[in-house]
Structures are given as C-alpha cells and as structure tokens.
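K.L.:
Positions annotated as transmembrane segment by TrEMBL: 12-32, 38-58, 78-99, 105-131, 143-161, 181-201, 213-230, 265-290, 302-321, 333-353.
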Amino acid sequence: MEKNKISYSQLLFMFICYIQSFSLLTSFSFAVAGRNNWLAVPIGIVIAVIFLLIQLSIMKKYPGKSLFQINESVFGKYVGPCFSVVYLLYFFCLSSLNLRDVDDFVTFAVLPRTSSMVTSISFMILCSWAVMKGIRVIMRYSTVVAVLNFIVFSLSVIFVWDRIDWNNLLPVLSVPPIKVFQSANMIAVIPFGTLAFQMVIPNCDNQKHLLKCLLSGLLIGGLFFFAVLVRDTAVLGDLVKILMFPTYSTYQIAGFTEIFQGVDVLYALIFIMQYFLKISFLFYVTVTGIAELLKLNSYKPLVFVVAVLIILFARTVYPSAMEHMKSAQETIPFLWLLFEFLMPLITWIKIVVSSKSSKRIERKKAEST
C-alpha cells in the first residue's frame, strides 16, 4: 500500500491542531466540574502523558511498524487482527462523532437554517478529496491552522480583557474532588486521546525524535486547552455550565467590541478548518486501516463507501445534541479508556512478558552448553 512521508514539523503541528480543535467542546467537561474545570487540565495532561509513554514504549520495540502491524507481531496472525478490528471501529466512531460535532456547531451557531445533511455531505466531500490526496496533503496545512488559532485566541483575550473576572476561578474545589477527577479522565481520553497517530507515525521521516515531537505536541496543545478553559471561566463564570459552546460564546463577546468586530466569525472559520483536518486525518486512518487488514494495494477504492458510512453513523448515533453531550459525560470517557489505555497496556505487558521469557530461555540454553 502506498505511503507518503511526512516531516517532523508536520506531525508536530498536526498533533497540536488535533488537540486545539477540541477547545470548542469544553461544555462536556464544564457540565461536570463547572468553574473548577481548569483544575482538571493539568491532571488530564499527566494522565495523557502516561498513556503516550506506554504507546511510545511499544513503538520503540517495533520501529517503523504501524499499530496494526505491531498487533500482529505481538499477538500473532489470529489474535492480532482481532485487536486491530477493535481499534478500527474506534477510529470509525471518532470520525463519525467528530462529523456530528461539526453538524451541531454549524446548525446551532453558524447556519441554523441549513440542513445538517447538507453540512455532512459537503464536509465529507472535502474530506474525501483530502484523503484521496494522501496524508501529506492533510498535514501540510496544519501549521497554518494551528498558528491562526493561537493568533485568534490572543486577539480574543485582548478584546474580552475588561470582562475578565478572576474571581470566577474561585473558590478552588467548590465541587467534590471526584468531579474534578471525572473531568480529568474526560480530558485525558477525549482531547488528549491521540492513539490514532500510531497509524501514521511510521511515515514520519524523523523517527529518532518521536518522543520529543509527540510530548511537545501534547504539552503545547494541553497548555492551549488550559488557557482556553481559564479564559472562558474568567469571562463567563457559572454560564460555562449551561452554554452548549462556551468557547464560541466567549468569541462572540470579543466580536462585539467597537475596536474590532468579527473575532467569532474568524474562530468559526478556524474551527471548521481544524475539524476538516481532524476528520480527514481520522478518515484516512480508518480507510488505510481497512486496506491494511484486507491486504489491499490501495485504500482509495474504499474512500466513497466509508464516507457514506461515516455520514450515516454520524446522523443516527444520537437522536439529539443533548444526548451526545450526556454520552460524552457518562459513557464515552470510560469506553475510550479501553482503546487509549487498557489495550495498549495489555500490548505492552505482553511485550515485556515475552521479552523476559525469551531471555530466560536463552539463559537456560547458555547454561546447558
């Protein structure tokens, strides 16, 4: 199957852009921890770093191999593909759920009179074009989008500065600590859940500095996410618990200033661009994963069929945006732990046990001779 090389900087900025895109969806965690949500981010970052180190440890044992190839090497040609199928379903769900997020945002905030089906089809046509062009084209624009997001964020802070009330961040731990940890788990596996990158890391032209690249991307993206939560909490106060898109509401406030109008429009455009990159990336990972499992020479014949399935699943998985939000608070964080932590941990344990067993056998052979 064809492979496109990607550079160190492309991987880094795509990693950052992937995390940045979740800044619109802070309502999931705000509804749990409220004004103390900002406390959950450092905890979530620490948890995510642990997950990432486990994944990097596995990749170090099998350099140049994708996630599915590692599964087959570790678990064999029968159990390995079963693990890969489970991961594949995860990537497909991520693609569909992120498409649903775009639909909800456009419907509620940008084009309320436009049919969500029109949004889904239009978006997936663009994503299909990007996937057909390859991963290098998808990642090429991540630098521009990530930098634009930093610029617009900085502008928003300037324009809402007179509305910031730092007392909104207090009192610390006004909710039970379990709520903060629940939010931290949510943040660790949703914004910082980056297992899908294992499918494209073998394409990176700088394998020696993967640890630095991915940790830097996680920390930069995590600090950006933290800054967004602090800004939104300081501006909106208790409103963060009831607004569907707190971050977008903050940008709307910034856009009402006399000095500069339209920050919210810029953010809406950047958000859509970020989700175009993220969904295209997840879509690419899904179709290449299917092609890898089926031993196909090319993933391109699968693009149209998988795009249709993603649209159908996105439109039927939840009856409403409120059901989606409820699931993101109560079900998804625990379900995603299976993919982001438990399955990689099982793989890592299997590698360690197998390595020790082989060393023990070699030692016995050496002693017998």
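For all residues, glycine too, the Cβ spot is worked out from N, Cα and C.
Help me understand the surroundings of these features in the structure.
P.N.:
Here the transmembrane segment (38-58) has Cβ contacts under 8 Å with residues 29, 70, 169, 172-173, 180-181, 183-188, 191-195, 198, 210-211, 214-215, 218-219, 222, 225-226, 229-230, 233, 340-341, 344-345, 347-348, 351 of the same chain, all six or more residues outside its ends.
Beyond the ends of the transmembrane segment (105-131), by six or more residues, the same chain brings 24, 99, 137-138, 244-245, 248, 268, 271-272, 275-276, 279-280, 283-284, 287, 303-304, 307, 310-311, 314-315, 321 to within a C-beta distance below 8 angstroms of the stretch.
Tertiary neighbourhood of the transmembrane segment (181-201): same-chain residues 6, 11, 15, 18-19, 22, 25, 28-29, 32-33, 37, 40-41, 43-45, 47-48, 51-52, 55, 59, 66-68, 70, 87, 90-91, 94, 135, 210, 214, 218, 221-222, 225, 281-282, 284-285, 288-289, 328-329, 332-334, 336-337, 339-341, 344, selected by CB-CB distance under 8 Å and a gap of 6+ residues from either end.
Tertiary proximity for the transmembrane segment (265-290) is limited to same-chain residues at least six positions away from its ends with a CB under 8 Å from its CB atoms, namely 1, 14, 17-18, 20-21, 24, 68, 84, 87-88, 91-92, 94-95, 98-99, 101-102, 105-106, 109-110, 123-124, 126-128, 130-131, 134-135, 138-139, 141-142, 145, 148-149, 152, 155-156, 196, 199-200, 247-248, 251, 255, 296, 299, 302-303, 306-307, 310.
If you look at the transmembrane segment (302-321), the same-chain residues 6 or more away from its ends with a CB under 8 A from one of its CBs are 92-93, 95-97, 99-100, 103-104, 108, 116-117, 120-121, 124, 127-128, 131-132, 244, 283, 286-287, 290-291, 296, 327.
Residues of the same chain lying 6 or more positions beyond the ends of the transmembrane segment (333-353) and with a Cβ under 8 Å from any Cβ of it are 51, 54-55, 57-58, 61, 70-71, 74-75, 83, 86-87, 90, 182, 185-186, 188-190, 193, 195.
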K.L.:
With the transmembrane segment (12-32) as the reference, find which of 78-99, 143-161, 213-230 contributes the most Cβ pairs under 8 Å.
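P.N.:
Comparing 78-99, 143-161, 213-230 against the transmembrane segment (12-32), the winner is 213-230.
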K.L.:
What parts of the chain pack near the transmembrane segment (78-99), using Cβ distances under 8 Å and only residues at least 6 beyond its ends?
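P.N.:
Same-chain residues near the transmembrane segment (78-99) but 6 or more away: 67-68, 71-72, 120, 123-124, 195-196, 199, 275, 278-279, 282-283, 285-286, 289-290, 292-293, 306, 309-311, 313-314, 317, 324, 336, 339, 343, 347.
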